[in-house]
């Protein structure tokens, strides 16, 4: 039975970064990493962008060269999924029957793409965009498929729509809510991206629930039936409706949690010597008014990896990183800092018609987040306003010619 001083579950950004940091910070114990995927750790953001577009080959999105892991004394177990955890024994079992013991365990299981639960939801020709295998499957049908229906108007759906539109495909994007990005951004940003996608030929359908997937005699998807009975003919369907956190073994072993596994400020779960980081970790975040949230981003994965590793090596520092995120669509670069979940006011800097503007989110007059489209200077300078929760003068904030670094606290 292999034993590791630190065993990591998950080969995504969080798990890989934890392994990298253990060695960078001179952890001398044994390190193992178990991943359900058969691939060496790789970047996920390019999957719905450059990789899907065929602009980057897989080797260019590897997080490290293949020989790095062995050279660093990090043992990889690829294609293995953890089935059960025995916290009292500090051991776990994989689906193949392999058993491991550990001193410390870092759970970076991430999540699996959420599937449609409607009739026809298991038909052939339905795809997700979560793993390399997912995107390879989409790319395999590109030569034959001309009509794509994308279910979900979040970032994954919008990025996939942009790539497919640029490839000359006929794209219909279906969103259940009344605007895209409704869960993460204000209506100004939603309207801007809706207009952009329509200008590029995407048929954007809002407030449309999916009733069923139509399929032929071979159980291959031929259309998406909406709640009002409308059928969108399609050759392929991409489902981008979020993820389900991969935390089953932890919760079954008694860890606290629900939508994710609960962690404290050092990324420790309620189980002894077990940490959780990345997409699956529900933590209290001061940028969300102290609410317990899961943040699905590379930033969160990397920063929580550092928090867990520093605690393991005896230099603890509580997690307090400012959230940030980016999205590329067409020739647009969106950069986000902070969390807009609890804002009560928005100020727009610049004119969206120029395709260069920012939306600043306030709570009781204090800056809590920014969405910046083709406006990197606002993103860079606005970060400090978010970190400090700066109270700003709204008139100066709305003046696009006033650098954010010059804003001073409003009086009164």
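Keep in mind that glycine also has a Cβ here, set from the backbone N, Cα and C atoms.
Taken straight from Swiss-Prot:
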BINDING   14, 49, 82, 130, 279, 298  FAD binding site
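Packing around residue 130 (FAD binding site) is summarised by its Cβ count: 21 other Cβ atoms lie within 10 angstroms of its Cβ, all protein chains included. Taking every pair among 14, 49, 82, 130, 279, 298, the residues listed as contacting FAD, the largest Cα to Cα separation comes to 30 Å.
Sequence-distant contacts of residue 279 (FAD binding site), defined by Cβ-Cβ distance under 8 angstroms and a gap of at least six in the same chain, are 12, 14, 110, 111, 243, 245, 260, 294, 295, 296, 300, 301. In terms of local Cβ density within 10 Å, 14 ranks first among the binding-site residues 14, 82, 298. Counting only same-chain residues at least 6 apart in sequence, those with a Cβ under 8 Å from the Cβ of residue 49 (FAD binding site) are 159, 163, 328.
Annotation note: residue 82 (FAD binding site) sits in a strand segment as assigned by DSSP.
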